[in-house]
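A.B. asks: Pasting the relevant annotations from TrEMBL:
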DOMAIN    100-587  domain 'K+ potassium transporter integral membrane'
DOMAIN    601-841  domain 'K+ potassium transporter C-terminal'
REGION    1-37  region 'Disordered'
TRANSMEM  94-115  transmembrane segment
TRANSMEM  135-156  transmembrane segment
TRANSMEM  226-244  transmembrane segment
TRANSMEM  264-283  transmembrane segment
TRANSMEM  295-315  transmembrane segment
TRANSMEM  341-360  transmembrane segment
TRANSMEM  372-392  transmembrane segment
TRANSMEM  412-432  transmembrane segment
TRANSMEM  464-484  transmembrane segment
TRANSMEM  496-516  transmembrane segment
TRANSMEM  523-543  transmembrane segment
TRANSMEM  549-567  transmembrane segment
């Protein structure tokens, strides 16, 4: 007998690794495969190993075939038919693209479209109009700001940095995580890179710059933390925008009544705005698709009104304002107004509020639809609107406070006011939808407490609704309106969040250019030089208004930043603690196949977060339960940094321990856009079917491997005998055995092709008694039913930890874990079949 090792089966095959030494006796030992990844190369090269036999010499190296993994079970039972086909399907038809472009007017561009309501009124409240330079200079700043930031930066550059159709700061972060291992959660596997939606094109060796950046990002933990904080900061500011945008837009529209209705004062303005905000947030549950189709006609009419009113004022009052296209007026404006002109930039930046929604809301629509809507409708109408207002101010400089409504032609005030009010309500939709998208992405990547997510569309899986976030935004919006009571003060707070998000996007897109796109160095630095410089200038202007309301978005951003960072910090520490406490296979061998208890018929699905090794929670179940199930499957729900994982690539299988232990591992991989809506009965049936496929495939691979070894040993015996006849010595010369190149099979060959390579002497898989025994045991366990084993973990900081760590983990992180969705709701398991045990993790 020899002494052998069998490692944990990876994906679809059990790899037999024997080391036979001379002498009698010996035993077969099963070792833990926790350090072996769930997938390796199609061919495994066993180097530095010998099979020593008397008179047979040694086999130094061996190639063993490792076929493709079996299709793992599909736990989704998807209700959205095209959910996972989006990255495989052809380009959308022109008609569907135009329909999506129409919807974007109601969801994405509402905020940009309502900016003419308040931009010039805020600008000229800081810079009085004393000459035409003031009007033309301010107009020139607004025009070039719109042309450079929303048009040039977002439409033509940033939208191309999408992650398989998903936008936002977290999409950029996941894109970077795929090309450089910068994710702080240590559960990355090389197998993840084989997911087709990765579309990974590693930097070529010729581009040393990209490789150096990748190496620096992976080596320095401080840069990983800084990158994560930057992403969290951008996400926090987007959510802050979701609070300020509705308040600003609705109050600006309703304020038009103050000059028309006698007695309509500040109190009436505040009450009316709060009522409208309540109605706006109440309809969010119907989804952005229905909201978009409902609101899009109103926004289309609004943009038409903006363009028409602009042309009317331009032709009636002063067509010479077209001179503002000359950027020299920007220089003259600052030369004349100096400090006041710099302060007025805080009002000019309001013309691009909502521009970030084009990228953040990308998951709800498509790149082409957003580009078509902006270039053909939004951009020209905004230009005409600002030209018209400037022309009106050239003749009526004292009307800057109500320039939009005063410039409306006589007899059209009430229709335009109605459209403006509806448009302002719709404007809030862009940042509300963006907030939902960002929170979902943050949750998927382990940076936000688990909340209930409702998918509102069967066609577009990015369209979601998060009740808790919706009601939180509503309450905060109402408080902002009641506290500030003025659009001017809200405007001071408004710009900081918008510019902050833009700076974060500029930084991340620059990293994407250098690391992934491998852009020319000059162009890569030209991007942050032009757009980053503009944004920093705007930031310096809006930061001067901190004491006048600018502190508000900083407070919101700081709150969400702390929540997300603490959740990520606690989750990483908990995972690291589980890795350290995992059970060794040596201990499992001591327990034996009965696991130290009684094995009763049934299948236990033990949910855990480990992608390798045996979780410590199993030991707790063995201590607390009088018996354990005859079949145990460790199920790990894992999110990878891609938007979508195709169904046939979603799962990785392994065998854990010897065959008579009947233990398996399944890593279920999801993207941050994936929808998990499954029926547990379908889940259970698919699990059993996939396990049967796995066992049959494993038996076939082991039979193939055993045959290859036997054939090689036979060839060694023949060659040794032939050489011994011509050797004149004592026959002690060591044989030189070449690689078995003639035995190699193509790595991509199918199972049927592999089985055809076997000689007739190899036993059929269906006739394998050990396989039939295991399949019958699996069927018996299935008939006895499924039980979901969950661990209810309590995370505590070690006694010798710093005070800040104890405060963060023991109180803040513990509070979030206690009040967010629990394991049963998150894993979507039936409540009647759950067994939970408590465990404390000391981190």
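Glycine residues also receive a Cβ, built from the backbone N, Cα and C atoms like all the rest.
A TrEMBL annotation is a machine prediction, not a hand-curated record.
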A.B. asks: By a Cβ-Cβ criterion of under 8 Å, what residues six or more beyond either terminus of the transmembrane segment (226-244) are in contact with it?
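C.D. replies: Here the qualifying positions are 168-170, 172-173, 176, 182, 184, 217, 353, 356, 360, 431-432, 434-435, 438-439, 441-442, 447, 469, 473, 476-477, 480, 490, 493-494, 497-498, 500-501, 504-505, 507-508, 511, 552-553, 556-561, 564-565, 568.
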A.B. asks: Which range wins on Cβ pairs under 8 Å with the transmembrane segment (264-283): 94-115, 341-360, 412-432, 464-484, 549-567?
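C.D. replies: Comparing 94-115, 341-360, 412-432, 464-484, 549-567: 464-484 has the most Cβ pairs near the transmembrane segment (264-283).
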A.B. asks: What same-chain residues lie close to the transmembrane segment (464-484): Cβ under 8 Å, and 6 or more beyond its ends?
C.D. replies: 239, 242-244, 246-247, 250-251, 270, 273-274, 277-278, 281, 284-285, 287, 432, 435-437, 439-440, 451-456, 490, 493, 549, 552, 556
A.B. asks: Using Cβ atoms and a strict cutoff of less than 8 Å, what residues sit near the transmembrane segment (341-360) while being 6 or more residues removed from its termini?
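C.D. replies: Distant Cβ neighbours of the transmembrane segment (341-360) are 108-112, 115, 118-120, 122-127, 137-138, 141-142, 145-146, 149-150, 154-155, 158-159, 162, 167-169, 238, 241, 245, 248, 333-334, 370, 374, 382, 386, 427, 430-431, 433-434, 437-438, 491-492, 494-495, 498-499, 501-502, 505, 537-538, 540-542, 544-545.
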A.B. asks: Mind checking which residues reach the transmembrane segment (372-392)? Cβ under 8 Å, same chain, six or more beyond either end.
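C.D. replies: For the transmembrane segment (372-392), the sequence-distant neighbours (Cβ-Cβ under 8 Å, at least 6 residues beyond its ends) are 97-98, 101-102, 104-105, 108-109, 112-113, 115-116, 119-120, 135-136, 138-139, 142-143, 146, 150-151, 155, 300, 303-304, 306-307, 309-314, 316-319, 321-322, 324, 351, 358, 399, 403-404, 406-407.
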A.B. asks: Among the recorded stretches 94-115, 135-156, 523-543, 549-567, which has the greatest number of Cβ pairs closer than 8 Å to the transmembrane segment (412-432)?
C.D. replies: 94-115
A.B. asks: Near the transmembrane segment (135-156), which same-chain residues lie under 8 Å Cβ to Cβ, leaving out any that are not at least 6 residues past its ends?
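C.D. replies: Apart from its flanks, the transmembrane segment (135-156) reaches 112, 119-120, 123-124, 127, 129, 321, 323-327, 329-330, 332-334, 336-337, 341, 344-345, 348-349, 351-352, 355-356, 358-359, 370-371, 374-375, 379, 382-383, 386-387, 390, 393-394, 397, 502, 506, 530-531, 534-535.
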A.B. asks: What mean pLDDT score does the domain 'K+ potassium transporter C-terminal' (601-841) have in the model?
C.D. replies: 72
